[in-house]
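Peer 1: Below are the structure tokens for one structure; questions will follow.
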């Protein structure tokens, strides 16, 4: 295993499905060996199609794909021996036991003899399935099945492990457990992990490098901090209290805009957001101006830019909007469609936009 | 075919057979249904042997190969449902990203279906014996019937898998099967002696693979087999089975275009 050569090197991938759906449009990624790489994007962005091509399941219309040093298009058999795949759908045989699933998987890779059984038991132990190993998979919980899926992908000790949405559909507890397991895997010598997810938090937490995928190509790439750093500055959010009617939102914005330290001021109903190079230092000034204008303040938060902000910047739309399939235009403005009194339901997803 | 492919075929077949044995409902349906047919048709048509020109001593003797062949068709034509389930569950995709050969995947289907068909056929033959059927052709004749029904089953199993892989809709398989089973069975000599069929039906039956299996089986099972009939019909079935399996393996490619 050479550490110098990238584990994955794909360029110019295009793929149009029968029916005219363009899934990939010039997709390209390079993943350094021994790292965790995240493909982040909403449903339908092209992440899964990319993984299917890299894992030799699907063929692109054009483009190149090298995985573990082998050409995925010309020598798919060589690639298959080098990779482990945990697809979105479980794929484990429900009428076989967990152990039988693992044994078969090992044998398909040409492993024979007692070594296969030992490896299976070792993985069952490691993924906390030792007690369930001789039970049929159809009796497993969602989290147990997902752990078995990962164990299946590791059975033959691959060089590159593909995890396609490993935590989708898991409850929070199982998700946290899976995150810990992936983090542990990442520490293993030489193992490269390519992870796709539409959870911003997951990519932020697990991946050393992230490619943001939108409409079949990479729109931004870097470490999570690099991507966030490009946004320059912290987000300052102010929740206004019972503001007297005479306080004009525009006036507030103009007054705040006179501070050089604060940019991109936006007021949406009672929510005011702005960007500042040094968020905490800007807060007293912002509060002073608001008090002058007679606006009551209910709460103030300062946040480092999130991947959601990054996504908005590069894909031109809010992540949640793109993910739920609503149009590209809704997230663009400062306000969004919400009325004056309507509070966004979920604070995490509904942070006021500041472009 | 490499030895690795043979190993893989064995492991995949083992998986499928184990799965069947673990689903008793499945066994019951495939085994009980022929018994019902044997009983129902045996009672309903008992008297047709008395028609001049039927040419058989007891209707049960005549019926056993008919039920064996009909059961081979009806149980194998649902094979595509299993393939669909494997696709939907992601199992097929998992296998396709391992080094397992496509031939081994398809072979396993064929072998598993062949073993199931053979077991089902043996059971029907034994039940017939229990009910008093006579097999003048002896073990050799029964073996020909067995092979013919397995080959016929392979044709329908591979065809069903291909439909499942290409169309990927349960409704299509259900529709095709419902449409085909009875016409194919009744446009053959399964339940009625060819001499008593309307002549147009007899001509259609000549081109019906279901009838090929019946002609080969019945001829070999008779006291005085016509081995020419056995070989031509058996050969045609074998050729058809090879083509069906080949086509079915080809559908992998088309499937991979669409994933």
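Positions of Cβ are set from backbone N, Cα and C atoms, glycine also.
No curator has checked TrEMBL annotations; they are predicted automatically.
From TrEMBL, here are the annotated features:
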- B:25-255: domain 'ABC transmembrane type-2' (DOMAIN)
- B:20-42: transmembrane segment (TRANSMEM)
- B:62-84: transmembrane segment (TRANSMEM)
- B:105-127: transmembrane segment (TRANSMEM)
- B:139-167: transmembrane segment (TRANSMEM)
- B:179-197: transmembrane segment (TRANSMEM)
- B:230-249: transmembrane segment (TRANSMEM)
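Describe the structural context of these features.
Peer 2: Long-range contacts of the transmembrane segment (B:105-127) within the same chain, counting only residues at least 6 positions beyond its ends with a Cβ under 8 Å from a Cβ of the stretch, are 5, 9, 12-13, 15-17, 20, 30-31, 34-35, 38, 64, 67-68, 71-72, 75-76, 79, 83, 92, 95-96, 135, 142, 145-146, 149-150, 153-154, 157-158, 161, 245, 248-249, 252.
Outside the transmembrane segment (B:139-167), and at least 6 residues removed from its termini, the chain residues within Cβ reach (under 8 Å) are 65, 68-69, 71-73, 75-84, 87, 106, 109-110, 113-114, 117-118, 121-122, 125, 173, 176-177, 209-210, 212-214, 216-218, 220-222, 225, 230, 233-234, 237-238, 240-241, 244-245, 247-248, 251-252, 254-255.
Away from its own ends, the transmembrane segment (B:179-197) comes close to residues 41, 45, 48, 51, 53-56, 62-63, 65-67, 69-70, 73-74, 77, 204-205, 208, 210-211, 214-215, 218 of its chain (Cβ-Cβ under 8 Å, at least six residues beyond either end).
Outside the transmembrane segment (B:230-249), and at least 6 residues removed from its termini, the chain residues within Cβ reach (under 8 Å) are 102-103, 106, 109-110, 144, 147-148, 151-152, 154-155, 158-159, 161-162, 165, 209, 212-213, 215-216, 219-220.
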Peer 1: When you scan the chain for residues with a C-beta under 8 Å from the transmembrane segment (B:62-84), skipping those not six or more beyond its ends, what do you find?
Peer 2: 30, 33-34, 37-38, 41-42, 45, 49, 54, 56, 92, 109, 113, 116-117, 120-121, 124-125, 128, 133, 135, 145, 148-150, 152-165, 168-170, 173, 176-177, 180-181, 184-185, 188-191, 193, 210, 213-214, 217-218, 221
